[in-house]
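Input: a single structure, listed below in structure tokens.
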Amino acid sequence: MENLPVYIPVLFVLTTIAGLLLLYWTIKGSGAEKVRNKANVICFGLILWLGFQAILALRNVYHSDPDAMPPKIILFGIAPAMLLILLLFLTAKGRSFMDSLPLDRLIWIHALRMPVELVLFWLFIQQLVPELMTFEGRNFDVFSGITAPLIAWFGFRKRKLSRGFILIWNFVCLGLLINIVVHALLSAPSPFQKLAFDQPNIAILYFPFHWLPTFIVPLVLFAQLSSIRQLLLPEKNTV
């Protein structure tokens, strides 16, 4: 990782910061005053989470024992984030929080997926992720990043797209997200590895790219599921 061109981690760190700012902007646009007032606290908590994850990665916790079961990045990074999303769906306060968020801003969050795909391609060139994780392989998630601004603009600013169309777009993008997540997990060094033994997905075990599975992917998943939930509910009843 020492010989990695500096522009790759710099772009990824900027993308992570952009994700945090987009979430803050989304929460600040909530239709509920109580939710808007929690924006600073939520984002401060996420900054602490990012810092905690950085400490783990810089202390070589994630890549020091690839045979650990469960993999450490799942145990200390991915699982807690997924549990939080699950709790939001299972609790009334969590659902109210999600339903109060502006749908157009939730969709703007998916624009993050465009620079992420560029970083993954550069990491492939550096032999830190397999080709199957790029748009030249089996990862077509760049579609989500490119189309998200178009969906937000034409769907909400111009009112040219139906809720049904936006719902279908969300399901397609959710499928693309699941596709790359599965391939990423199956190609990372761990007892679960089934793919890419010649060039495994080692980048996600190192700083700052460990923020991809521990922050950016959960953020995108949260935005996707929240959008789908809102679109499946009656238009004037989002609780």
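Indices start at 1 and increase along the chain as displayed.
A Cβ is built for glycine as well, from the same backbone N, Cα and C atoms used for every other residue.
Those TrEMBL annotations? Automatic predictions, nothing curated.
According to TrEMBL, the protein carries these features:
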TRANSMEM  6-27  transmembrane segment
TRANSMEM  39-61  transmembrane segment
TRANSMEM  73-94  transmembrane segment
TRANSMEM  106-125  transmembrane segment
TRANSMEM  137-156  transmembrane segment
TRANSMEM  168-190  transmembrane segment
TRANSMEM  202-223  transmembrane segment
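Through the fold, the transmembrane segment (168-190) approaches residues 63, 66-68, 71, 73, 110, 129-130, 132-133, 138-141, 143-144, 147-148, 151, 196, 200-202, 204-205, 213, 217, 220-221, 224-225, 227-228, 231 of its own chain, all at least 6 residues removed from its boundaries and within a Cβ separation under 8 Å.
Only residues 6 or more beyond the boundaries of the transmembrane segment (6-27), in the same chain, are considered here, and those with a CB under 8 A from a CB of the stretch are 35-36, 38-39, 42-43, 46-47, 50, 101-102, 105-106, 108-109, 111-112, 115-116, 118-119, 122-123, 126, 208-209, 211-212, 215-216, 219, 223. Sequence-distant contacts of the transmembrane segment (106-125) (same chain, six or more residues past either end, CB-CB distance under 8 Å): 5, 8, 11-12, 14-15, 18-19, 22-23, 25-26, 131, 133-137, 139, 141-142, 144-146, 148-149, 151-152, 155-156, 166, 173, 199, 203, 209, 212, 216, 219-220, 223-224, 226-227, 230.
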